[in-house]
Amino acid sequence: MSAVNPAGGDIAAGRSWPEVLNGLLDGRDQSADDTAWAMDRIMRGEATDAQIAGFLVALRAKGETVEEISGLVRAMYEHANLIEVPGATVDIVGTGGDGAKTVNISTMSSIVVAGTGAKVVKHGNRAASSASGSSDVLEKLGINLQLTPKRVAEVAEEAGITICFAVKFHPALRHVAAARGQLGIRTTFNVLGPLTNPARVKAQAVGVADPRMAPIVAGVFAERGNSSLVFRGDDGLDELTTTSTSRVWVVREGKVTEESFDPRDVGLDLVPVEALRGADAAYNADVARRLLNGETGPVRDAVLLNSAAALVALSPGAGTLAEQLRAGMAQAAEAIDSGAAKRALERWVAASNA
């Protein structure tokens, strides 16, 4: 399916790689249709590695805009295997790329949030900046990733949590793998994953490692009416971190508000990043099991905080951000301590292997 202008007509009309690339090199912001055209060519396999690399480097060098990213997202959705999951859904994810090699905080938080009764639809892949990616760890926990899109949606209804394994839902991304690998630098694709959840969830808690891109990601969410918390640790982590203060972009009703957050405001001590360090998938899965069995410490604190961020995004309440997060942390703690989070994982394992 070709990318289509909402006003009607094929967006490919009158565009070429030299036109788009020269515009970027001249420092001109591109329209959403321009970037959608480029992504459409890439997703079709009709762009060379040189054209893909040139586009990604030129776009990053100029500096991406909300409109440009929105165009890329639109075209990616045109080539994706999408699913429908009824009701209010939330995703907790980080862009990766912070190099910290932490345990899988967003993955553990997703299970805890499911334990509170919220419906979670993750969009995950192999390792980016964690010691192992969400998909790697979930496999070790017993989750079957090799499901059809239809079955993935059914699991969400049966277990209250599911994962869209990126390579199965965005198969056209294979066309960019070589160029991205050869470049070896951050590109726009580092932030597209959280923006292209195949279930098109309406609420997200998203960690963004790149300080340039965090407000852009928030702007894209605002443009499409999502309720989201976008954050970045001031030490560079793509989490709402307990290792430092963070910047938070609160997205509600089409507006973005930027705030500073200090974990000490919700009663948490600052810890060194080493306290959150992970290892391979087997080790990180064991950390998750211990968390769900009630182990306390820095990992639990970080998971409670990021679980709270998702709960606030899904159902914003009254009060300051810190007050809302504190309430969310209490919900998350109850999910762990009551065994509800552990039972959510057990349901998920059973449903994904049924």
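The backbone N, Cα and C atoms fix where each Cβ goes, glycine too.
Features as listed in Swiss-Prot:
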- Gly94, 97-98, Thr102, 104-107, 122-130, Ser134: 5-phospho-alpha-D-ribose 1-diphosphate binding site (BINDING)
- Gly94, Asn125: anthranilate 1 binding site (BINDING)
- Ser106, Glu239: Mg(2+) 1 binding site (BINDING)
- Arg180: anthranilate 2 binding site (BINDING)
- Asp238, Glu239: Mg(2+) 2 binding site (BINDING)
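Feature map: annotations from Swiss-Prot on the structure.
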| residue | record | Cβ neighbours (10 Å) |
| --- | --- | --- |
| Gly94 | 5-phospho-alpha-D-ribose 1-diphosphate binding site | 30 |
| Thr102 | 5-phospho-alpha-D-ribose 1-diphosphate binding site | 26 |
| Ser106 | 5-phospho-alpha-D-ribose 1-diphosphate binding site | 28 |
| His123 | 5-phospho-alpha-D-ribose 1-diphosphate binding site | 22 |
| Asn125 | anthranilate 1 binding site | 19 |
| Arg126 | 5-phospho-alpha-D-ribose 1-diphosphate binding site | 15 |
| Arg180 | anthranilate 2 binding site | 18 |
| Asp238 | Mg(2+) 2 binding site | 30 |
| Glu239 | Mg(2+) 1 binding site | 27 |
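When the Cα atoms are compared, Glu239 (Mg(2+) 1 binding site) and Ser106 (5-phospho-alpha-D-ribose 1-diphosphate binding site) turn out to be 8 Å apart. The two recorded residues Ser106 (5-phospho-alpha-D-ribose 1-diphosphate binding site) and Asp238 (Mg(2+) 2 binding site) have their Cα atoms spaced 10 Å from each other.
Ranking the binding-site residues Asn125, Arg180, Asp238 by Cα distance from Thr102 (5-phospho-alpha-D-ribose 1-diphosphate binding site) puts Asp238 first. The two recorded residues, His123 (5-phospho-alpha-D-ribose 1-diphosphate binding site) and Asp238 (Mg(2+) 2 binding site), have Cα atoms 16 Å apart.
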